[in-house]
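Chemist: Here it is, the structure, as structure tokens.
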Amino acid sequence: MPKAPKTSKAKKIQKKVADRKKNPLFVKEAKNFRIGNDVQPKRDLSRYVRWPRYILLHRQKKILLQRIKVPAAIHQFSKTLDKNQSSKVYALLKKYAPETKTEKKQRLVKAAESKAQNQKTDSKKVTVLKFGLNHVTTLVETKKAKLVLIAYDVDPIELVVWLPQLCRRQEVPFAFVKNKARLGALVHQKTATCVALTDVRKEDQAEFDNLARDLRQHYNENHELLRTIGGGQVGIKSRHQQEAIKKAFELEELKKTSQ
């Protein structure tokens, strides 16, 4: 007698499910996601959110800067210091932060008391960070500035777009850093477009010389910064279109060679 064909395990399970009696109390129905019916499934709602206008403008500006060809003079601002370099620079400049209002008040009170008692006061000039666009410009022009940091997110950019070239001409080391708010925190301000260091103490001289040498190589003597144009990136749809056209050309070339 020929043997009966073996039924697969999946078929056996299906047969068992079919044989199982259906309970009339629990009838299985397809879900209806229309208004007032089943609860909608969880989905990413970021595309449906009405974002505030400042977020929309920020995102549109970012896309525009990627699409439109950006001149080299503006594109160089995106070449900021990396995390290691910026941490070294900020650690050095923190030592030269100007005095706060409370510190100034205490100093003036102390000076007044010593003057009243006919004692000599220490009138030695303290070396601190200089800020303010006009002040920093004057320091660079007179070659009194030894290091200049420029924020990359100044708006409008025309305020500082000429400053890097002035630093190059006056041979003053400079660098672009992220966040004008972080620069402002160094000088107890909300924001700062740029800060300058005019003098360094003896104990920090070796560290400052190394930093100044690195910054000169990265910015002052780096001629590629003024040659590379930014932007010019096409969107994802255009990229797919270009790839499709490229594949079509390749197929045509293959057909011609095969004949």
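Backbone N, Cα and C define each Cβ position, glycine as well.
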Chemist: Suppose you had to name the range TrEMBL annotates as region 'Disordered'; which of 1-21, 106-126 would you pick?
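Modeler: Going through 1-21, 106-126 one by one, TrEMBL flags 1-21 as region 'Disordered'.
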Chemist: So how many of the residues in the domain 'Ribosomal protein eL8/eL30/eS12/Gadd45' (121-203) end up helix, strand or coil by DSSP?
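Modeler: Tallied per class, the domain 'Ribosomal protein eL8/eL30/eS12/Gadd45' (121-203) gives 28 helix, 15 strand, 40 coil.
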